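S.K.: For reference, the structure I am asking about is given below.
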Amino acid sequence: MLITGFPAGMLQCNCYVLADRAGTDAVIVDPGQRAMGPLRRILDENRLTPSAVLLTHGHIDHMWSAQKVSDTYGCPTYIHPEDRFMLTDPLFGFGPRVAQVVTGAFFREPKQVVELDRDGDKLDLGSVTVNVDHTPGHTRGSVCFWVAADTDVVLTGDTLFERTIGRTDLFGGSGRDLYRSIVEKLLVLDDKTVVLPGHGNSTTIGAERRFNPFLEGL
């Protein structure tokens, strides 16, 4: 499987591109600020055609370029219904600091939006099959995407990071829900599963089970 990514924009959100191989359909996850340029290069170099934009949640650093990518390539954007309102209001509850940075930015929904309204759903997106788990805690509509490959991969957004977990002090956040999501949806995965988080370095489920101080005793 072809998996690559890059940190996008000021807030350094990891944008990922997944495909079975070069020359096939591709899935784009969390295209943040100024993602179009790097995405075009990756798609062109690997002869990839986007089949979907997947959003782990609706915060601005993860969805900034979703509408542009989706409408440019004519593919749908997938988001949980609890976070759909953030496609047009991604700063809701995000705090004044970020609002000042993006003053004047205008957001609208992509022409094609698909709601991820079924927990445990399986999406067949061209060459890639993605399993969707609703993992509220960081936001009410946060989801994780699990992909079976030679080594399984889970894209965790802002739910789980290397040696830390997602913040829960923004609108819709819940510490109780976050821990339940991690325990019931992530720690049940094989230790070798590669974790691709929304920010920072990749890790594995096993490494976080052993070394993440926020998961001690779980």
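A Cβ is built for glycine as well, from the same backbone N, Cα and C atoms used for every other residue.
As annotated by Swiss-Prot, Zn(2+) 1 binding site applies to His57, His59, His138, Asp158, with the evidence given as similarity to another entry. Feature annotation from Swiss-Prot assigns Zn(2+) 2 binding site to Asp61, His62, Asp158, His199; the stated evidence is similarity to another entry.
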S.K.: Among the binding-site residues His62, His138, which residue has the fewest other Cβ atoms within 10 Å of its own Cβ?
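M.R.: Across His62, His138, these binding-site residues, the one with fewest Cβ atoms within 10 Å is His138.
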S.K.: Using Cα-Cα distances with a 10 Å cut-off, which of the binding-site residues His57, His59, His138 are near His199 (Zn(2+) 2 binding site)?
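M.R.: The binding-site residues close to His199 (Zn(2+) 2 binding site) (Cα within 10 Å) - there are none.
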S.K.: Which one is it: of the binding-site residues His57, His59, His199, which Cβ has the fewest other Cβ atoms within 10 Å in this structure?
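M.R.: The binding-site residues His57, His59, His199 were compared, and His199 has the fewest Cβ atoms within 10 Å.
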S.K.: Of all the binding-site residues here, Asp61, Asp158, which one's CB has the most other CB atoms within 10 A?
M.R.: Asp158
S.K.: Which are the residues of the chain, His57, His59, His138, Asp158 excluded, whose CB is within 8 A of where the CB atoms of the Zn(2+) 1 site average out, their centroid?
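M.R.: Not counting the recorded site residues, we get Thr56, Gly58, His62, Thr139, Ser142, Gly157, Thr159, Gly166, Leu170, Gly198.
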S.K.: Rounded to an integer, what is the Cα-Cα distance in Å between His138 (Zn(2+) 1 binding site) and His62 (Zn(2+) 2 binding site)?
M.R.: 13
